[in-house]
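Engineer: Copying in the features that TrEMBL gives for the protein in this structure:
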DOMAIN    24-507  domain 'Major facilitator superfamily (MFS) profile'
REGION    510-533  region 'Disordered'
TRANSMEM  20-45  transmembrane segment
TRANSMEM  100-119  transmembrane segment
TRANSMEM  163-190  transmembrane segment
TRANSMEM  213-231  transmembrane segment
TRANSMEM  348-366  transmembrane segment
TRANSMEM  372-391  transmembrane segment
TRANSMEM  403-422  transmembrane segment
TRANSMEM  442-463  transmembrane segment
TRANSMEM  484-503  transmembrane segment
Amino acid sequence: MADNQLQVLNALDVAKTQWYHFTAIVIAGMGFFTDAYDLFCISLVTKLLGRIYYHEEGSHKPGSLPPNVAAATNGVAFCGTLAGQLFFGWLGDKLGRKKVYGMTLMIMVVCSVASGLSFGDKPKSVMATLCFFRFWLGFGIGGDYPLSATIMSEYANKKTRGAFISAVFAMQGFGIMAGGIFAIIVSSVFEAKFPAPSYADDALGSTVPQADFVWRIILMFGAIPASMTYYSRSKMPETARYTALVAKDATKAASDMSRVLQVEIEPEQILEEISTDKSKSFSLFSKEFMKCHGLHLLGTTSTWFLLDIAFYSQNLFQKDIFSAIGWIPPAQTMNAVQEVFKIARAQTLIALCSTVPGYWFTVVFIDVIGRFAIQLMGFFFMTVFMFALAIPYNHWTHKDNRIGFVIMYSLTFFFANFGPNATTFVVPAEIFPARFRSTCHGISAASGKLGAMVGAFGFLYLAQSPDKNKTDAGYPPGIGVRNSLLVLGVINFLGILFTFLVPESKGKSLEEMSGENESNEQNNNDSRTVEMV
């Protein structure tokens, strides 16, 4: 294998795990910590926003965001993320991974702070400001997906590459959990300092004026972890695979690899190999690309799309599911700040008990049992548990069975994260050629975010009660939570089928997976033939 690829890349593949690998995991992982915090913290405060800005005098239920506003608030960041994944994925292949990496972080810092600001104090102006900046926040977050995955895959050795990439992604779990913990702290402080009666006792007084600071503080806090890693990102060297295979700069590749591997590499050695490397020069989406990688791209895009429909609809709207089964008390029995506390506590428990462990199970086992097996197993158990929740749904709504519902619901999250939520991130960074790697990962991730939007927007309407008298204000009747869970079960089953389009990359070099070895081998054979003649 080493004969058919650049020696410097082979050195990367067989390199021992070094301190720099762990540094790269932390630097890239803190971006994902921030990504998850910023994306999911909005679900902690949407009920509060409804109480503050959409209170209706005389209503027996607290104010809630109108359907169009709720959909925009929950989904606008996903629109930005989708755009960012496509744009920065493409830019990462054009300009290099390093040049673009710090850019995404600065966008996230600025827009996290701006999300908590408002132009005016009217509902329309506050929501418009929030949605505007959350779109651009999502744009920055989107860039982190292809760049972090590609950088980590190109730094790693082939023996532990899956664990390194999934460890970066696993920081999402800590980000989700940190959002819940921080919301618990903020709401507890405000509840102690500014106590208020429940909505049933005093509708207007249940939302104290200071509650308007709660959601702003929670959203703006996301700027802190992002800003802490900016300097470290700016000092990361370009990946040697990009420099050698795409930029074809022998001197810089040798310098960068010397820093990463802590060994001396001669530029002349790489220059000779690069000059004889006449890799396939087909373009993205060309006939030859589709022949070599078309099914692979269909596999990565379809599985990520299906996974995110289920994953994000569950994660963003678990507060509604917990309310439906009675795990969170009725809104009218709490004041505004107490409701934030209860929602945050529920989401933190789910993250602590199932989301975080699921991610790290993947880190431990991905290079042992492989990507394909983990993804197939994850989709299978997500399907099983979703149907187990949906079919006897009335059983789970009884008070004595509510804890069982939460356990089953947690298991679906566990197998999402010890399953396709991690593997759909890892595999696109491994199976495409270096010159398309960031772009193809961005396309796959954007497909996932399209699924997230379907989940985020669709579930708002689907989960409404079929009885129009029991729907939330402004919503038409839906199919109910039970039928929505059945739909998600079917979507998870489709994920099982499309997983068979995704190749196994465990233990293989990036060049072997992308077919770049084959081109080099063909070139070597051609050279030998010419010499013999």
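Even glycines carry a Cβ here, placed using N, Cα and C.
Please treat TrEMBL annotations as automatic predictions, because they have not gone through curation.
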Engineer: Is it the case that the transmembrane segment (484-503) and the transmembrane segment (348-366) touch, counting contact as three or more CB pairs under 8 Å in which the residues of each pair are 6 or more positions apart?
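Structural biologist: Contact between the transmembrane segment (348-366) and the transmembrane segment (484-503): absent, because fewer than 3 Cβ pairs are under 8 Å.
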Engineer: Under an 8 Å Cβ to Cβ limit, what residues of the same chain, 6 or more beyond the ends of the transmembrane segment (20-45), are close to it?
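Structural biologist: Residues packing against the transmembrane segment (20-45) from afar: 73-74, 77-78, 81, 104-105, 108, 112, 134, 137-138, 141, 144-145, 148, 151-152, 155-156, 160, 164, 167-176, 178-180, 182-183, 214-215, 218-219, 221-222, 225-226, 228-229, 232-233, 236, 259-260, 262, 315-319, 340, 343-344, 347.
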Engineer: What stretch in 100-119, 348-366, 372-391, 403-422, 442-463 has the biggest tally of Cβ pairs under 8 Å against the transmembrane segment (163-190)?
Structural biologist: 348-366
Engineer: Would the transmembrane segment (403-422) count as touching the transmembrane segment (348-366), if touching means at least three Cβ pairs under 8 Å and pairs must be 6 or more apart in sequence?
Structural biologist: yes
Engineer: If I take every residue in the domain 'Major facilitator superfamily (MFS) profile' (24-507) and average their pLDDT values, what number comes out?
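Structural biologist: Per the prediction, mean pLDDT sits at 87 for the domain 'Major facilitator superfamily (MFS) profile' (24-507).
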